[in-house]
């Protein structure tokens, strides 16, 4: 069911599967951008400093990501790089003190796919590091949005991983519309989800945990989908307004 597994892509991404150990970031048909344009974006890196997921910084020591990103790691195995357009160099590399994923996260249905990371060292805002506000309501269908992450500029045929941050423009598809007959997911789209869609553009293969931003607010967290940039299958995100109260509560506990 997770969208970010290369072998799924080779078999047209059947909507079933197990969680991968590493999730390498991909944006389909995106363009180069800079961290100054998206200073809330961060890459999560494992002990070998390999990129495995994205995230969004929301305060001096808190990063929001996807629950499914965190299943194979302990806090000591994760580092967060902030303030760099290049995923594996520059900026500030910060250790993780603790993290928690949503108690209601279900890897089969992908509901509540959200986690909160507490950094070991607080970071200050700058031109390259900015905290992003959590949206308190889901924008209506058709609202322009942007997804960012690190990865190939095309689907399957690109073998190299660009070091430069990528962005792709999409349109919001709210939960009701995404579950309608206009698209092909049906009842798989649940209340804690929001979708985004643009022809031949998408997040894919491990931009998991990264931001979906509209109106300068964090609207969604990259979660899952059927393949990447497939006609009739929007990208599916954890709906931030639906889990905002959990994020705020957990922020006080970490």
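For all residues, glycine too, the Cβ spot is worked out from N, Cα and C.
In the three-state DSSP classification, residue 68 (active site, charge relay system) falls within a helix. Sequence annotations record features per position, and here Swiss-Prot assigns active site, charge relay system to 68 (among others) based on similarity to another entry.
Listed in sequence order, 66, 67, 68, 102, 105, 192, 221, 223, 224, 238 are the same-chain residues at least 6 apart in sequence whose CB falls under 8 Å from the CB of residue 113 (active site, charge relay system). Residues annotated as active site, charge relay system in Swiss-Prot: 113 (among others).
Residues or ranges marked as active site, charge relay system in Swiss-Prot (evidence: similarity to another entry): 208 (among others).
Around the Cβ of residue 53 (disulfide bond), 29 further Cβ atoms fall within 10 Å across all displayed protein chains. According to Swiss-Prot, the feature disulfide bond maps to 53-69 (among others).
The disulfide bond feature in Swiss-Prot is assigned to 154-158 (among others); the stated evidence is sequence analysis.
The feature disulfide bond is assigned by Swiss-Prot to 178-195 (among others). Other C-beta atoms found within 10 angstroms of the C-beta of residue 178 (disulfide bond) number 26, with every protein chain shown included.
Residues or ranges marked as disulfide bond in Swiss-Prot (evidence: sequence analysis): 204-228 (among others).
Summarising the annotation, Swiss-Prot assigns domain 'Peptidase S1' to 27-252 and lists sequence analysis as the type of evidence.
Residues or ranges marked as signal peptide by Swiss-Prot on the basis of sequence analysis: 1-16.
What Swiss-Prot records for 202 is site 'Required for specificity', and it gives similarity to another entry as the kind of evidence.
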Cα separation, residue 208 (active site, charge relay system) to residue 53 (disulfide bond) (Å, whole number): 5
Three-state secondary structure, residue 208 (active site, charge relay system) (per DSSP): coil
Whole-number Å value for how far residue 208 (active site, charge relay system) lies from residue 178 (disulfide bond) (Cα to Cα): 19
